Amino acid sequence: MGTALVQRGGCCLLCLSLLLLGCWAELGSGLEFPGAEGQWTRFPKWNACCESEMSFQLKTRSARGLVLYFDDEGFCDFLELILTRGGRLQLSFSIFCAEPATLLADTPVNDGAWHSVRIRRQFRNTTLYIDRAEAKWVEVKSKRRDMTVFSGLFVGGLPPELRAAALKLTLASVREREPFKGWIRDVRVNSSQALPVDGGEVKLDDEPPNSGGGSPCEAGEEGEGGVCLNGGVCSVVDDQAVCDCSRTGFRGKDCSQEDNNVEGLAHLMMGDQGKSKGKEEYIATFKGSEYFCYDLSQNPIQSSSDEITLSFKTLQRNGLMLHTGKSADYVNLALKNGAVSLVINLGSGAFEALVEPVNGKFNDNAWHDVKVTRNLRQHSGIGHAMVNKLHCSVTISVDGILTTTGYTQEDYTMLGSDDFFYVGGSPSTADLPGSPVSNNFMGCLKEVVYKNNDVRLELSRLAKQGDPKMKIHGVVAFKCENVATLDPITFETPESFISLPKWNAKKTGSISFDFRTTEPNGLILFSHGKPRHQKDAKHPQMIKVDFFAIEMLDGHLYLLLDMGSGTIKIKALQKKVNDGEWYHVDFQRDGRSGTISVNTLRTPYTAPGESEILDLDDELYLGGLPENKAGLVFPTEVWTALLNYGYVGCIRDLFIDGQSKDIRQMAEIQSTAGVKPSCSKETAKPCLSNPCKNNGMCRDGWNRYVCDCSGTGYLGRSCEREATVLSYDGSMFMKIQLPVVMHTEAEDVSLRFRSQRAYGILMATTSRDSADTLRLELDAGRVKLTVNLDCIRINCNSSKGPETLFAGYNLNDNEWHTVRVVRRGKSLKLTVDDQQAMTGQMAGDHTRLEFHNIETGIITERRYLSSVPSNFIGHLQSLTFNGMAYIDLCKNGDIDYCELNARFGFRNIIADPVTFKTKSSYVALATLQAYTSMHLFFQFKTTSLDGLILYNSGDGNDFIVVELVKGYLHYVFDLGNGANLIKGSSNKPLNDNQWHNVMISRDTSNLHTVKIDTKITTQITAGARNLDLKSDLYIGGVAKETYKSLPKLVHAKEGFQGCLASVDLNGRLPDLISDALFCNGQIERGCEGPSTTCQEDSCSNQGVCLQQWDGFSCDCSMTSFSGPLCNDPGTTYIFSKGGGQITYKWPPNDRPSTRADRLAIGFSTVQKEAVLVRVDSSSGLGDYLELHIHQGKIGVKFNVGTDDIAIEESNAIINDGKYHVVRFTRSGGNATLQVDSWPVIERYPAGNNDNERLAIARQRIPYRLGRVVDEWLLDKGRQLTIFNSQATIIIGGKEQGQPFQGQLSGLYYNGLKVLNMAAENDANIAIVGNVRLVGEVPSSMTTESTATAMQSEMSTSIMETTTTLATSTARRGKPPTKEPISQTTDDILVASAECPSDDEDIDPCEPSSGGLANPTRVGGREPYPGSAEVIRESSSTTGMVVGIVAAAALCILILLYAMYKYRNRDEGSYHVDESRNYISNSAQSNGAVVKEKQPSSAKSANKNKKNKDKEYYV
């Protein structure tokens, strides 16, 4: 016989009274599924994530049907068990959206017999057991091994609403399954009995148990009725059947005797809300401030068994319904968070019970019936005598179904009360003993009755009838009225808040409310008292206030309280409460003690000191604080107030001292922005739409997104507004002078900075009265955080001194960096950019930071500083201190306590510029302190190619030099192991009259770094690590006689002419004029630069304008003209009829080999055929270059080792008697030709790519093998690029049989002005034939002008680099310079500052990061700073190199002969580091080949340097 399940309240509720009373477990009852549409049963969620199992018994005759199902509510994971294929069980499941795994049992189970089914989950495996006969398993191929389960366990079918919502089902096909028809019983999860939660269209089928021992409440043998008659409710207490006849109108053990005297309570039966027969109901409405009070003082209660019954209807979650007793003898019945709470104490400790409904809460505005019974029972005690003891059995039931039974403690069994019976509330509910709530009831109470063996108190009736012992407080309506609900509100922004009236809680008080949020931080409640001043002989005057606060920090809830004797800070709950669920908070205090409870967990506290009075004089703020906080005093302990963390989330059911507060109405009255009268949690995550712009970091908040803009350079809710930039030049600052002194224990600081200096103050808090500071600064390229709390002044337990943290590295790179500081009491965290945070813990007990100012750029409050940090040069942006963006607040005028002279906007910073007017000007400063490490920074601007910028000598050989050489920066130093040189990397010479930034550093591991603008060069040196400097530091130059004694690697022969600025010497910013020990020459503040600058028409006839510091000069070399502005005629010769010839011969030891040539000449003639200029190589080599006229057109032929190459201007007829200028350039096999202003003719021979690769390869081929290799390449058809051993320049073409007749002017060839030399009777010039000089040598060719011209050539000509076979005449008397080869971190050999070269195969002189010439690159990609560039050769070039090696092997005998033949010639030696495959010899500008020594670390090699191998040139 089955009992149908009952529907109630719109939900399908199983009639689980029998189940919860033990029938499911003890009677062996099963669930009968009729196979009807809409049938379903839901069991509690089975967490089948990892390792778990569930089992049940099944009986059916059906071949198809859904047995069970659960999933993750529409995402990926599910498990389904169905009957299919002739009554066999089929199991399917999936994890992480993988292909579902399926297994089909072999044994049919639709035979009408009971079968045991067990499902075992083990990560990706699931096993199905049927009886003991079959076990099969299957594995899902999933990337994740854990299953996610959100839904309940559905058995027999799915609820209709779930079938209708396809998106909530992971497996859509489950909606189409037939419902199961049959019986299921004994559902277990992990061996524990599982009870159904709810269901529909399912019957509870009673079957006799398999074994004896029925329940005491079972029906009799005849099956008629039960133990309790007339509708009595049976419950089992101590294994005995107990009948509740109170609602039947009968009495007796089995409710069989009619009771004519006792009012029946049948109307309280489940589902029967009608009136009892002909009897009046006693109902009262309570609205939060009303209550009944029955005086028991005349007739005290003394009983061991009693009963309380009542009915209630409410929408509120919390409220006192009934209380009697005091101290340790009481009964308390209340509604707590929508559940019914019972607390009983008979003197030996409280018995607490909480009854919660299966679905929803009891505050559903429906009638619910409560019954509490207490009976004296014998209970077996375990002790020495094993005796039976008397205990009180307590049972509470709600709606006759939900029952909780327990025992009071020890031997106390009597309830005694001579106090009052409170109904619906009390004068101070929070102070009642054992009260779990602090507010009164709001709703309707009906038929409140207390009875025991001696007395029956119908409290509702007594109140209505006006019994003299019953007092009614407030206006009570004796009917059920709708009580206005306390609607929840939502604080949508951190700035929103509500002001509540002052809370008068001097001695006692209580506050309760519910909240829910997902945000980690927020001030929920705050109020403080009148400020009072405390004075002490040892302490300065301090302001103290009483205060009360409840706040959230990092997801935890804290209570803060100070009554004048010290602050307490209590964490109300160990778990975080920002999970989006509702939490009920109840705060109660009585004097110095009290409790704070969250949901059911209560935390007691006792305030320190003697004060018991909480004197709050200000309003009580809910959700946050007003923007204008001038009248508020923030205790340092309330971190959220000082951090400006307002609460964002929902609040409801606020009760203060038991009185409800309609906060929705208050918000409307106050017109509070950002407060919404409802509470809902949006399912969509706001950050999914990427609302944060400009790479802001998004965090999901409560129905909102929160953007972290600190690392973006933008501000605003969505990082949409560009933050203001402040520029600092070392003399600038911004100072925030706060209106009142601040005291904080927690700070959030963030800022962005950009600087090229390794030192400088970023931000600091300063105090006028103490050494307290929180300071951020750059220190050796790192961010340094200093927190100093002045313990001496306030006589606290002194700490070990300032706490410091360091983060970041090489932050002086002129890039934006973000710094974040978080301090919470003693805890420190420092983060730079996205690097790992550095954390620290402060020592001592003192955590309060005092400050009057927030300063940037310069610290002005210096009274308590032992050392003043260096001033800042750079840019600051987005400075935010505790939520205040001060830079933008200052700019916008939002605050009036801001003082600054830093400049708004991003500006190029040139700090304290100084001009060195002449090359003999310099200053001397105090010795540079760079013993263990060094950070130098300066800016310079010049037009000079060379000059000494910085020099400091020291003990022994120690020194440091920074200089310009040919427009490139050199850093030279000696730490004691020999001099080293690092050449700075730059794309072009730096003497371009533009500002350049230079950073030079050395760390403790001897890593040297040179950074010029954005290009970086690094080198590690071995050996000594200390730079021991002693003498003065010279800036701009030294005394004239000192240049001769400078170290050999120093090229400077004169000082620096130009501007220096932003000089930073290891964090010291010297004033180059004021701080100078002495000055020499003309030095002025500021930097005006040249008074005359290059213009488009500064130089005539296509002359090149060269900017000089005191003006400009013109490079006329390729114009054929002369003079300061290239508008004077060049040296001119007339070649008359019969012809003539001017011949220049290089000395035998000075014959250059060139990769690039430049030739220019002016002429006029009427000849159709003639040779103007011819350059020939040494006899037997066959290389030449010839400029000629053919059929009236100009052309050039040249040969550099293989075929003749010709280039001609075919469009211009030049034998017209007019003056023409021809310009020719060659680079390898490529050539250009231009006549006058005609377009440039270009010629690129085929196979040029191979030529470039050959040029790379030839750099690694010794000169002695060059000719052999060239011959081998000639056979292979390769085009060479070197014009070898140039011997003569022949002008006039007489020897070639095509003599020139006409005028030739201003001949220029690779730096030689041959016609000028002829006019000056140069010894290497021979003139024959009819040749006549026109006029005089141009006046511009003075010695000074020539030097200027040659300087111009060096600075602009990159294709006329030459190499001679021996030292030039000008340097012949001086030993060759010896320069070290130093290893950098990237295996770059740092050699000469000039062009590194092979002695034949020469590259144009271009700077590289290590001092080596970079091979020509294809494309525009720059090498990574500080690294050597790698050139990958093609397979054809690889084969070529193999051939080169083979050819070299065949030439050994030839080399031996060559060494003997040329042993008396001047030598140019070089050293190759075989392990690095880099060539390290360097060419001087005058053509000298420099001898070099081994690396300085190889001391033995230095000692034997005279025994090095020598190579000779063929």
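Placed from the backbone N, Cα and C atoms, the Cβ positions cover glycine too.
Together with ASP772, ARG848, Swiss-Prot lists one candidate of LEU762, LEU785, LEU789 for binding Ca(2+) 2, that being LEU789. Bond annotation: of CYS650, CYS707, CYS709, only CYS707 is listed by Swiss-Prot as forming a disulfide with CYS692. When Swiss-Prot records VAL1200, ILE1282, ASN1284 as binding Ca(2+) 3, the matching candidate from ASP1176, ASP1183 it lists for that site is ASP1183. Range 1481-1514 is the one annotated as region 'Disordered', of 1345-1378, 1481-1514 (source: Swiss-Prot). According to DSSP, ASP772 (Ca(2+) 2 binding site) sits in a coil region rather than a helix or strand.
Sequence-distant neighbours of ASP772 (Ca(2+) 2 binding site) (same chain, 6+ apart, CB under 8 A from its CB) are THR765, ASN788, LEU789, ASP790, LEU849, GLU850, PHE851. When Cβ distances are compared across the two stretches, the domain 'Laminin G-like 5' (912-1087) makes no contact with the domain 'Laminin G-like 6' (1133-1331), since fewer than 3 pairs at least 6 residues apart fall below 8 angstroms. Pairs of Cβ atoms less than 8 Å apart link the domain 'Laminin G-like 3' (487-679) most often to 283-480, out of 283-480, 725-898, 1090-1127. Long-range contacts of the domain 'EGF-like 2' (683-720) within the same chain, counting only residues at least 6 positions beyond its ends with a Cβ under 8 Å from a Cβ of the stretch, are 490, 492-493, 517-519, 580, 648-650, 750, 752, 816, 818, 820, 833-834, 877-878, 880, 885, 888. In sequence order, THR636, HIS743, THR744, GLU745, LEU789 constitute the residues six or more apart from ARG848 (Ca(2+) 2 binding site) in its chain with CB-CB distances below 8 Å.
Its Cβ taken as reference, LEU789 (Ca(2+) 2 binding site) is surrounded by 25 other Cβ atoms within 10 Å in the chains shown. Counted with DSSP, the domain 'EGF-like 3' (1090-1127) comes out as 0 helix, 12 strand, 26 coil. For the domain 'EGF-like 2' (683-720), the DSSP-based tally of helix, strand and coil residues reads 4 helix, 10 strand, 24 coil.
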